[in-house]
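Read through the structure below, which is laid out as structure tokens, and then see the notes.
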Amino acid sequence: MIKNTKKSQKNKILTLEDVSISYGTFEAVRNVFCNFKSGDITSLIGPSGCGKSTVLRALNRMNDLIPNCSLRGTVLFDGTNIYDKRVDPVEVRRRIGMVFQQPNPFPKSIYENIAFGARINGFVGDMDELVESSLRKAAVWSECKDKLNDSGYSLSGGQQQRLCIARTIAIEPEIILMDEPCSALDPISTLKIEETMHELKKNYTIIIVTHNMQQALRVSDMTAFFNAVEYEEGDGGKVGYLAEFDSTKKIFSSPKEKTTQEYISGKFG
């Protein structure tokens, strides 16, 4: 079981040690070493097929749900290998929450979208207070407070995504993973999500996959650039790898790798 050190979150770190991920015989990502610091927003960027979403899903064992997906190496959270057989993956996903690319509210009321997960995770406090505080943290309370009994589907796309963020917050995670959370949203909704992320950073560590370079520059403290190279066997397949990891300021102003510069300047993608 992962030890609970919520009160000392600033000391937390999520570490990947020589992580390689495969789908059957296809190796998607190879030899990733990376540290995610507590309290940071970290962006994972890179061209399609470089494995950044695969790596993101590995951080809370969502890849376990994909047939024939396997991981070599170690993923440490609070010093515990989350892939140890003694670790409950459901507990991992509670402590490290996920917001997906497409808004996916439950087919329930707005209120129950928040309350349902908290209830099955054993919450015994004031549910009304939890619902309100979660919706406030996700910056959607003012738009929902008068229609909590309406379906989550009645909200706009941007509101639905913030509802999903609130739903994640309600089960009290310590890290929030976001897989291109704004890709299906309009610019105004995207701005609201980004503003929400800046507020959430005060209490949560956030790791986000994005194809939007300006978004990475606006929201993140650290940026990891993933790229892909052809297999040594020369069969035309490619494997992803972590090409560069540094502060967002350095990645976008003075990257060490030529490929990083070429990617952020739009020469490939």
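Just so you know, glycine gets a Cβ as well, placed from its N, Cα and C.
The ATP binding site annotation in Swiss-Prot covers Gly46, Pro47, Ser48, Gly49, Cys50, Gly51, Lys52, Ser53 and is backed by sequence analysis. Residues or ranges marked as domain 'ABC transporter' in Swiss-Prot (evidence: sequence analysis): 14-253.
Structural mapping of features recorded in Swiss-Prot.
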{"residue": "Gly46", "record": "ATP binding site", "Cβ contacts under 8 Å, 6 or more apart": "Lys52, Phe225, Phe226, Asn227, Ala228, Gly240, Ala243, Tyr263"}
{"residue": "Gly49", "record": "ATP binding site", "Cβ contacts under 8 Å, 6 or more apart": "Ala228, Lys238, Gly240"}
{"residue": "Cys50", "record": "ATP binding site", "Cβ contacts under 8 Å, 6 or more apart": "Phe226, Asn227, Ala228, Gly240, Tyr241"}
{"residue": "Gly51", "record": "ATP binding site", "Cβ contacts under 8 Å, 6 or more apart": "Ile21, Ala28, Val29, Phe226, Ala228, Val239, Gly240, Tyr241"}
{"residue": "Ser53", "record": "ATP binding site", "Cβ contacts under 8 Å, 6 or more apart": "Leu44, Asp179, Glu180, Val209"}
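Just so you know, the Cβ of Pro47 (ATP binding site) picks up 17 other Cβ atoms within 10 Å once every protein chain is counted. Over the domain 'ABC transporter' (14-253) the predicted model carries a mean pLDDT of 95.
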